[in-house]
Amino acid sequence: MMRERLSGRKWFGIALAFVGAVIVITRGDFAGTVHDFKSSLGAGELLMLASACSWAAYTQIGRHALTELSPIAATTYAALWGWFFLAVGAAGQINQVDWNTVGWTSWAAVGYLGAIGTVIGFVWYYEGVKALGPSRAAVFNNLVPTFGVGFGAPLLLGEPVLVSMVVGGVVTVAGVMLASR
């Protein structure tokens, strides 16, 4: 990303990690997904793909922010901007929520996402960008679908873990390891 020199092995690792993430997201049926895109990918899969674009922009902005800010300060500013845009997007729907039906598990998930996913995850990510550079750090984002599906599907949603998900996860981890060395 932006004037970073990468070896052939690192480029191969980046490509391999991306392929692994695609295997996880498409459940191993890339050709079927391309052929029948609309019915093959649900909102969750499309959001995972959109998140990759968002992360690329976030990493580039973060790279420049880290020249003047600490990782915790950069994370704080990013969270405030994220909260602002989320609030704007949710403003029209906030009155449609029956807050009495929101259970403790939903609030626990929000707390976990805020404390672990945001604070710890983003600060560590910015530490990685600072130490490794944006391209090598960004490749770790390919692990998001792997861990999201690997843990979220069976534990939170009761969905089965498919062989393609395991294969995609292994391919992703191998790619991340190659790219980050």
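The backbone N, Cα and C atoms fix where each Cβ goes, and this holds for glycine too.
The model shown is predicted, which means the values in this text are computed figures rather than measured ones.
These come from TrEMBL:
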- 44-180: domain 'EamA' (DOMAIN)
- 12-28: transmembrane segment (TRANSMEM)
- 40-58: transmembrane segment (TRANSMEM)
- 70-92: transmembrane segment (TRANSMEM)
- 104-126: transmembrane segment (TRANSMEM)
- 138-156: transmembrane segment (TRANSMEM)
- 162-180: transmembrane segment (TRANSMEM)
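The stretch with the most CB contacts under 8 Å to the transmembrane segment (104-126), chosen from 12-28, 70-92, 138-156, 162-180, is 70-92. Sequence-distant contacts of the transmembrane segment (162-180) (same chain, at least 6 residues past either end, Cβ-Cβ under 8 Å): 9-10, 12-25, 27-29, 132, 135-136, 139-140, 142-143, 145-146, 149-150, 153. For the domain 'EamA' (44-180), the model's pLDDT averages out at 82.
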